[in-house]
Each structure stands twice: as structure tokens, then as C-alpha cells.
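The ATP binding site annotation in Swiss-Prot covers Thr13, Ala14, Asn15, Gly159, Gly160, Thr161, Glu207, Gln208, Val209, Lys210, Gly287, Gly288, Ala289, Leu290.
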Amino acid sequence: MFQSTEIGIDLGTANILVYSKNKGIILNEPSVVAVDTTTKAVLAIGADAKNMIGKTPGKIVAVRPMKDGVIADYDMTTDLLKHIMKKAAKSIGMSFRKPNVVVCTPSGSTAVERRAISDAVKNCGAKNVHLIEEPVAAAIGADLPVDEPVANVVVDIGGGTTEVAIISFGGVVSCHSIRIGGDQLDEDIVSFVRKKYNLLIGERTAEQVKMEIGHALIEHIPEAMEIRGRDLVTGLPKTIMLQSNEIQDAMRESLLHILEAIRATLEDCPPELSGDIVDRGVILTGGGALLNGIKEWLTEEIVVPVHVAQNPLESVAIGTGRSLEVIDKLQKAIK
């Protein structure tokens, strides 16, 4: 009997992950393409392209073809997907032809944005393409019983978006999607350092600062970190010391928007499911779940237990792949 290869793709703003039914996560590559602006030629894709960010001549730019979880540049996304599918085939150890693919999309994406993702994946050789809402994929990947009539609350803080959803009986009961995620927190840090210290730093440095001394809006033991950048006054390299308290303040507004989305979703919850939320709590997934103190801060703010998924960075990809096994129970969430 003929059996197609089945894979799940987490088409993230920051990273693309591929899940194979038999091997689990087989690929995790940055969603970055390096392009020569004069010839429009693609020079590098994925990890190689990310390593070029901020280090290339003026005519070579490293761009992210995905923005806020949806396609910003169709042609480049197709190039990126072709590269990913080729590498995935090698990882599986066979040249798969016409695989069945499930791709996650932000729950707030438009019909046009979803169609663009579906078409791009089909153009890369997929036989069938199913789209699953990101929070549902995250819930499946976090081992929540999404097909049972109990409330599962997922907060997926990705690179481009934060998705908050209450899932019950295979569908989304209440959901809020905001285009704020890890990338925005990085931008907040870049902007703060530029305004306060007249220092220009790159997004990779900002990400490092966020991961090392970034904290959610909760009391913590102060930390410091030395960073280097370009002095905007002299144009020369300069080293400064950043304090964790000022980085916390830089990210404050974006973190409050995330909290607002969580509160709005919980307020929309039907009364019958509210008891489940108090008992079961909220699950955090995505890279943002790794921010220092975010679990404790959210628990304090929403007065509901908050837990971090076992593999927050991979939950969406795992759930996207696993959803093929329960596709008939998830008709509301899979299109």
C-alpha cells in the first residue's frame, strides 16, 4: 500500500522547524535569507545567512521573508522552503516525493495570508497542505488533551506573534493574536540602547542581552552585561555596561501588551470552562516562555497557575506534525 511521507512545518518568523512522524524534529533553521541587492541572487539560506547578519558588505543583506508569522516576501519564502524541504529529505534518509504537509499559521492571519502559505508549500512539492492554527499546534505539542471537552489555555510567544487561546473539544473557544513577540522585545532593546547611550547594536546582540539579563516585570537580583556597538556620535566602536533593570523597563510596554492579550482571552471564556482553567492553569510555549521570570510574573498577574511546556521552542512543530494523526478530531482547527 502506498504511503506518503508526512511532515509538519512550523513556519516561524525567527526559525523554521520540521517534524517527521518517525524521527521527531529533524530540522531547525533560522528563517533568514542572504541576498545580493544588485543581482537579486540568493547567496545563503538558514544558519549560514543568519551568521551574515550585520557582517556583510552593503550590497549583501540578510532578510527575514516571514514577518509577524506570515509571508512578507513570497519568492524568498519559496526559496527558503525549497532549501528546508531538501534538507528535510536528507535527514529522513530518503528523497520524499509529494509529502503530506501540515503548516501552522497565526490564528489572526487573513484568508489571503493563509492562501499564500499554502501555495508556497505546494510550489515546493507538497501533495496535500493542511493549515493548523498555531495555538492548537502548540497545545498538541505540549501534550494537552485538545480533543476532550476541557479548557486548555495556551500562550505561545513566538518571534513575530503572541497567540493566546482557550482550546476545548478540538477547536478554539476564545483567542487573541497580537503581532508582538521575541523580535519586538529585541527591537525594544535596540531602541533603548540607541536613545540612552547613542550606541547602535545589532539584533543578535539585543537577543543575547534579552536572554542573559532580560527579566519579566517582577523583582529580581540585579545583573549586568557588557556589550559592544557603534557610537553614533564618533562612529567608533564602544563598550558599555547594561543593567538588567533598564532592560526590564525597555521591554515593559511589549510585555504589558502580552499580558493584556492573555487577560482579554480569559475574560472571553465561557463560565463552564472557567473552573478547568483554575484547576489546569495556563501553558507557555514559544521562545518567549524562556524569558527570565515570565512564569512567576504571569502567575502573579492573572492569579492562575502558569506552567512552561517541556519543550517550549519545539511545541508548535511537534504539534503540527502530530496533528496529522488526529486530523479527523480537529476539523475545526485544521483547514
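Note: Cβ is positioned from N, Cα and C throughout, glycine not excepted.
Model, not experiment: these values are computed from the prediction.
Of all Cβ atoms in the protein chains displayed, 23 besides its own lie within 10 Å of the Cβ of Asn15 (ATP binding site). Of all Cβ atoms in the protein chains displayed, 23 besides its own lie within 10 Å of the Cβ of Val209 (ATP binding site). The C-beta environment of Thr13 (ATP binding site), restricted to residues of the same chain at least 6 apart in sequence and closer than 8 Å, consists of Ser31, Arg64, Met66, Lys67, Asp68, Gly69, Gly158, Gly159, Gly160, Thr161, Gly181, Asp183. Under DSSP, Gly287 (ATP binding site) is assigned to a helix (H, G or I) in the three-state scheme. The Cβ of Gly160 (ATP binding site) has 22 other Cβ atoms within 10 Å, all protein chains considered. If you draw a 10 Å sphere around the CB of Gly287 (ATP binding site), it holds 22 other CB atoms from the protein chains shown. According to DSSP, Val209 (ATP binding site) is assigned to a helical segment.
All protein chains considered, the CB of Ala289 (ATP binding site) has 23 other CB atoms within 10 Å.
Counting every protein chain shown, the Cβ of Glu207 (ATP binding site) has 20 other Cβ atoms within 10 Å. For the recorded site, Gly160 (ATP binding site), the DSSP three-state label reads coil.
Maximum C-alpha to C-alpha distance over the listed ATP-binding residues Thr13, Ala14, Asn15, Gly159, Gly160, Thr161, Glu207, Gln208, Val209, Lys210, Gly287, Gly288, Ala289, Leu290 is 20 Å.
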